[in-house]
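J.: Below is one structure. I have some questions about it.
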Amino acid sequence: MKSTLSIWLDAARPKTLPLAIASIAIGSSLAYTDGHFSFPITFLALLTATLLQILSNLANDYGDTVQGTDNDNRIGPIRGLQQGVITQAGMKKAIMVNIGLIIISGLALVFYALQSPTSILSFIGLGLLSILSSIAYTMGSKPYGYVGLGDISVFTFFGLLGVLGTYFLHTGTMSPTLLLPAIGCGFFAVGVLNINNMRDIENDTVSNKRTMVVRIGTERAKCYHLMLITAGWVMLTLYLSLHVSTPLLALTMLLPLVLVFKHGKTIWNIEHPREFIPMMPDMVKCAIVSNLIFAVTLVIGN
């Protein structure tokens with residue numbers, strides 16, 4: 001019998017949390033190389049992003065359970081709500097507590113980092129949008145995750161907003177060239193979602209959850225996946241080669257390239273949805289190693 005703490009830790013899905021951390025790490029490393037870095041901003045950004053990821057996970061469990069998608073036919077980890085060890089009322093309370101913590105952490109971050117009323121209001125708006133996006137993915141009468149918009153949301157919040165927003169909080173400025181690492185980070189995050197959706201394609205199809213994978217089919221989703229991880233690596237490597245003291249430092253990105261190549265080859269040869277189960281942590285590893293090596297090399301190379 002699992003303890004209450006263990007049950008809720010499983011519900012938070014700690015293995016997915018590095019995705020939220022990655023975008024903050026990249027945004028902070030970019031700011032550092034431009035002569036701007038604040039530990040309190042980095043800490044509060046990491047805390048807020050992690051809480052948002054947990055909110056997304058809790059809301060996803062609740063929404064898929066209510067919609068009937070998380071059932072006995074689903075492949076993958078059995079969630080607490082499915083097992084009955086967490087009640088729907090208990091999950092609702094956890095979601096509300098999590099939202100409260102996000103608001104506290106987010107407001108502390110915004111008011112510490114920003115001075116301009118316009119910037120403060122803009123980031124408060126983005127924060128509320130992030131909360132709404134986390135909830136509306138599978139919850140509500142018209143969850144956008146059920147019409148194939150999850151990929152766009154993940155790319156936006158775990159790529160563009162995570163990286164560019166963090167950079168702006170540190171520096172108060174923005175540059176078009178920052179889109180390269182932001183897009184790269186976002187592509188890797190979408191890759192994680194795509195693995196999840198390829199694993200769940202059979203049950204999602206029956207449950208009328210029209211994810212991107214359900215819409216295009218597994219074989220095309222494999223091609224889509226290879227494009228995501230390849231383009232993600234290229235974006236990070238290209239920016240690194242142009243913004244370090246010597247382009248040779250960009251050779252550090254060969255390490256994640258080996259992981260990405262091996263991962264992609266395995267994905268291409270998969271024939272049954274169940275085979276995607278071990279590929280989820282493998283994809284997370286590819287994303288984290290790529291993003292962190294990029295961030296560390298960028299700091300060292302400047």
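Cβ coordinates come from backbone N, Cα and C, glycine included.
These came from TrEMBL, pasted as-is:
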TRANSMEM  41-59  transmembrane segment
TRANSMEM  95-114  transmembrane segment
TRANSMEM  120-140  transmembrane segment
TRANSMEM  152-170  transmembrane segment
TRANSMEM  176-195  transmembrane segment
TRANSMEM  223-242  transmembrane segment
TRANSMEM  284-301  transmembrane segment
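On this model, are these features tucked inside or out on the surface, and what's nearby?
T.: Listed by sequence, the residues of this chain that lie at least six past the ends of the transmembrane segment (95-114) yet keep a Cβ under 8 A from its Cβ atoms are 38, 40-41, 44-45, 47-48, 51-52, 54-55, 58-59, 62, 120, 123-124, 127, 131, 135, 169-170, 172.
Under 8 Å from some Cβ of the transmembrane segment (223-242) lie the Cβ atoms of residues 177, 180-181, 183-188, 190-191, 194-195, 198, 212, 216, 249-250, 252-253, 256-257, 260, 263-264, 267-268, 283, 286-287, 290-291, 294, 297-298, 301, all in the same chain and six or more residues away from its ends.
Residues 15-16, 18-19, 22-23, 25-26, 28-30, 32-33, 181, 184-185, 188-189, 191-192, 229, 232-233, 236-237, 239-240, 243-246, 249-250, 252-253, 255-256, 259-260, 263 of the same chain, all 6+ positions outside the transmembrane segment (284-301), place their C-beta atoms under 8 angstroms from a C-beta of that stretch.
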J.: Which sequence-distant residues neighbour the transmembrane segment (152-170)? Criterion: at least 6 residues beyond either end, Cβ under 8 Å.
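T.: Result: 19-20, 22-24, 26-28, 30-32, 36-38, 41-42, 45, 49, 52, 109-110, 113-114, 119, 123, 126, 130, 133, 137, 144-145, 178-179, 181-187, 189-190, 192-193.
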J.: Is the number of Cβ-Cβ pairs under 8 Å between the transmembrane segment (120-140) and the transmembrane segment (176-195) three or more, considering only pairs separated by 6 or more positions?
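T.: No, the transmembrane segment (120-140) and the transmembrane segment (176-195) are not in contact.
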